[in-house]
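Copied from TrEMBL, the annotated features are:
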| type | residues | note |
| --- | --- | --- |
| COMPBIAS | 815-830 | compositional bias 'Polar residues' |
| DOMAIN | 33-136 | domain 'Ig-like' |
| DOMAIN | 155-236 | domain 'Ig-like' |
| DOMAIN | 246-330 | domain 'Ig-like' |
| DOMAIN | 336-423 | domain 'Ig-like' |
| DOMAIN | 427-515 | domain 'Ig-like' |
| DOMAIN | 528-626 | domain 'Fibronectin type-III' |
| DOMAIN | 631-728 | domain 'Fibronectin type-III' |
| DOMAIN | 733-829 | domain 'Fibronectin type-III' |
| REGION | 815-834 | region 'Disordered' |
| TRANSMEM | 937-955 | transmembrane segment |
Amino acid sequence: MSYHYRLDGGSLAISSPRTDQDIGTYQCLATNPLGTIVSQKAKLQFAYIEDFETKTRSTVSVREGQGVVLLCGPPPHFGGLSYAWTFNDNPLNVQEDNRRFVSQETGNLYIAKVEPSDVGNYTCYITNKEAQRSVQGPPTPLVQRTDGVMGEYEPKIEVHFPETIQAAKDSSIKLECFALGNPVPDISWRRLDGSPLPGKVKYSKSQAILEIPNFQQEDEGVYECIASNLRGRNLAKGQLIFYAPPEWEQKIQNTYLSIYDSLFWECKASGKPNPWYTWLKNGERLNPEERIQIENGTLIITMLNVSDSGIYQCAAENKYQIIYANAELRVLASAPDFSKNPIKKNSVVQVGGDIVIECKPNAFPRAAISWKRGMESLRQSKRVFILKDGGLKIHNVTRSDAGSYTCIATNQFGVAKNTGSLVVKERTVITVPPSKMDVTVGESIVLPCQVSHDPSIEVVFVWSFNGDVIDLKKGVAHFERIGGESLGDLMIRNIQLNHSGKYLCTVKTTLESLSAEADIIVRGPPGPPEDVRVEHISSTTSQLSWRPGSDNNSPIQIFSIQARTPFSVGWQAVSTVPEILNGKTYNATVVGLSPWVEYEFRVVAGNSIGIGEPSKPSEVLRTKASVPVVAPTNIKGGGGSRSELVITWESIPEELQNGEEFGYIIMLRPVGSTTWTKERVPFVESSRFVYRNESITPLSPFEVKVGVYNKKGEGALSTTSIVYSGEDEPQLAPRGTSVQSFSASEMEVSWNAIAWNRNTGRVLGYEVLYWTDDSKESVIGKIRVSGNVTTKNITGLKANTVYFASVRAYNTAGTGPSSAPVNGTTKKSPPSQPPANIAWKLANSKLCLNWEHVKTMENESEVLGYKILYRQNRQSKTHILETNNTSAELLVPFEEDYLIEIRTVSDGGDGSSSEEIRIPKMSSLSSRGVSVLEPSIHFLSIVIMIFYCFAIQPLI
């Protein structure tokens, strides 16, 4: 060490390193009291690159179409280089393509076919990344010759990889290949052994570079580059040879051995070529001797002594690298010592059991072992053995074996003793084990597990189900532990099918483990049948097959088949042949199906426990078509225009159409005729047909039948119905029309009925039209009455308004002419003011009422009288008393509260009501009676009045 070399911890620092002195291979040696170890080798090199020579480069002269190579000629250097070229001092590098290529091996620029645009100055740039320096060469002029153009010629490979390349494992290999030629050659690659190129390969833009990343053994072989154009082809090939530096497969480990023992170490490493091995001790090469045997990666040292202790290294090396595996050998020599491994202070065993008391003192060499019980030396017998490792084994222990035991260890360096006690306990016995049970799903059961045991020993119960422990602490569903310290009973609530199996109760103590098991069979409804298939299907039947599912420990007794269609509500049971499907039947024919309907089927199984889950549905299949058999119903008609016969019916639902191209057949003839007219209606949704014929007289009766047909043929016809042809509108207007006003909002229109016949048009009823002079529309109301009704009340009218009305007859063809208009005036509006200042007196079931007369306004109807509306508080039925006076008496049993209101009566109708008055029941009033004046909401003061039926009292 000096100012030039300095240690910094374990690192070597070199001050002002010099290329001529410090280049070389370095290795670190680390030493401590146990020995010395050497490190991997490290190689020190200095990266540099010198400047180009400054002399001018010669001009390169070429014809157009000729190929050219511009040489870079790198100056002296060490370290990896990267190359680039510039053109005419352009700061951007020359772009490589299939015509131009810069080799990163030679540094040269290759132009496969020169074009006029290539003329100019080219400069080579070199970068040394390790030296962190770039240099620029002198420019090379490229000029075009004027003596003609170069003709086409076959490719000439100028850049090719070596014939043999050593490729390291996991490295990235790049192969270069570029050719000159006219036309510009295309580059392709292949392996000569015919195997495909690795999928991981990468290509440069022009395919002049083939890169194989992460090189492995299977990638080695002969690779070939093919350059081709219209004039021919040229080849270059080279072999990639895989190599790998050593890698450890087995290393040596630290070893501690007793004096006089033997050492055996083995180390193994992989690599290509195969590595060779050397051994070092404390940094020095180890050579074979009398006690030392070295063969490849194995080291054997016999009769070890303390001087053999040290740090050993196994070195694996091939021509590419050397690696080291390190381990310590420590040779020990000492008297027996129990400080680290004393005998167990108390060994506990049960009566009838076996016990081993271990004795493992540290002793080098190994100690000879003997035992004492108390003060008496132990000898081996049928029950007592001293094991090879020094342990004491006692078989079939009795209570008399309890006591202290001493182990005595002896070797050439000394003697050591250590004592422990043997404690004997009573055995644990399972007194009530679990037993086999047969249960039904949903029941709750208890599996017993009860023991007798030594009171001083703690007992732990563990239950397992089919080999898996039931963790009762986590609150597992269905399982619950019940019982005390000696009871390990297991309750299973709401037992399920998946609870069938073996239940094992394990009783654990610190001394032993014993168990008892029982089989539980849970029976339940069958599982869903499987693989339901439709073997054959006709128009009304389907043949099904299936496989039974699990019987869940109870034999299947019956199967049933269910079907579903787009028209059914859920799944429906279907009829089968055979009618009853027993548990051994796995196929059946479903009957009674509808033709041309999509069906899917499922199967349900049952046993003595119940009905199980249904199978998965079968595939959806359509039954075959057949002639429709259901005829339309509710054949009606009538109406329509003159010369028309309108026929209606209820359309047939899709599930009863039985096939494609479904439609309806109409059969009709005039009553009394023998010849039927037949019409077809080719529309599925149709429910109406209009037959037109100018010869049809109005309101003529026809016999009508409606049938069905589809692609398979014609089906059933309905029963015969009588339908009348269309008719003309009524030809006569009603007479004797009049209007009478009833109130401000209601009037009555009346007329005389029309005596009609077939010529004047049938009358089905009348239509009343009404309007006013100032209405924006010609008619503001239209009301129909049917039959021979000749009056109609019109409500919701405006007060004191002139209304016009006319009446016209109607039938199915339309309406007839209107009667001459008549008019009437509605009454004035009823009084808007309610009765005010209402006073009442109640005594002996007689209620006396009095109020002020209501004065009306000019536009209101005169008051003709009053209505008194009264009802019990808890009843909705209202009673009405009418009077022309402003007072009234009511004789009612006042056992409950009464609610009373008063309103005016006029020609314009009833006026506004007073506020509702509550009259309390008699029991809540004094026997002398009570009189009250109810204040009107229209007055601010209270008016005191004297009625003829009582003397008014002050307002309460």
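Placement of Cβ uses the backbone N, Cα and C atoms for every residue, glycine included.
Source: prediction; values computed, not measured.
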### Task
Could you tell me what the rest of the chain brings near the compositional bias 'Polar residues' (815-830), counting residues at least six beyond its ends with Cβ under 8 Å?
729-735, 737-747, 749, 751, 761, 763, 767, 769, 797-809, 859-861, 904, 906-912
### Mean predicted confidence [pLDDT] for the domain 'Fibronectin type-III' (631-728)
92
### Message
As a test: from 33-136, 246-330, 427-515, 528-626, pick the stretch that has the greatest number of Cβ pairs under 8 Å with the domain 'Ig-like' (155-236).
### Response
33-136
### Query
Counting each residue once, how many in the domain 'Ig-like' (155-236) are helix, strand and coil under DSSP?
3 helix, 47 strand, 32 coil
### Residue distribution over DSSP helix, strand and coil in the domain 'Fibronectin type-III' (528-626)
0 helix, 48 strand, 51 coil
